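Engineer: Okay, handing you the structure first.
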Amino acid sequence: MSIEPRATADLVDEIYPDVRSCDLQLQNYGGKIMFAGPVTTVRCFQDNALLKSILSTPGEGAVLVVDGAGSLHTALVGDVIAGLAADNGWSGVIVNGAVRDAAALRTIDVGIKALGTNPRKGTKTGEGERDVEVSFGGVTFTPGDIAYCDEDGIVVVTP
């Protein structure tokens with residue numbers, strides 16, 4: 001399902017006071033700054049095999065929310081995984097953790113928000129959970145929610 005991106009500040013003005021906005025100051029790394037879509041979730045710690053597997057499937061405009069427990073020790077997304085997301089029709093990836101290949105990520109047509117960068121790559125054991133509620137930045141992301149992202153932040157709406 002494709003969702004039209006919207007300015008988060010305008011969206012907040014419309015739905016206030018029932019606002020769910022992420023308090024983390026995630027940075028933009030992808031080629032798209034404004035993106036939106038239905039939420040798919042994954043929880044993984046310093047291991048990106050599961051999220052690589054998910055992003056290798058058709059995204060149909062969805063946003064993958066990755067709870068990496070805020071770890072900046074290893075990157076969960078780099079240019080290869082971001083390329084998979086773009087090639088498979090994902091609108092974006094929100095990472096509560098680190099990314100790498102920051103210069104290359106800016107050239108890939110997918111939204112990417114993350115805490116920061118680290119050139120160290122993650123392990124590839126496949127550990128983690130998919131399609132579970134994940135919480136960070138004062139927001140609980142539930143599969144099927146709609147995430148709207150832009151320069152001002154992230155707003156989550158339950159359809």
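Cβ atoms are placed via backbone N, Cα and C, with glycine included.
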Engineer: For the substrate site that Swiss-Prot describes with GLY78, ASP79, VAL80, ILE81, which of these is also annotated: ARG100, ARG106?
Structural biologist: ARG100
Engineer: List the residues in the vicinity of the substrate site, defined as same-chain residues other than GLY78, ASP79, VAL80, ILE81, ARG100 with C-beta within 8 angstroms of the site's C-beta centre.
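Structural biologist: Near the substrate site, the remaining chain residues are ALA75, VAL77, ALA82, GLY83, VAL99, ASP101, ALA104, LEU105.
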Engineer: CB neighbours of GLY78 (substrate binding site) within 10 A?
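Structural biologist: I get 21 for this one.
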Engineer: Taking GLY78, ASP79, VAL80, ILE81, ARG100 as the record's substrate-binding set, what's the max Cα pairwise distance in Å, rounded to a whole number?
Structural biologist: 10
Engineer: If you count other C-beta atoms within 10 angstroms, which of the binding-site residues ASP79, VAL80, ILE81, ARG100, ASP101 is the most crowded?
Structural biologist: ILE81
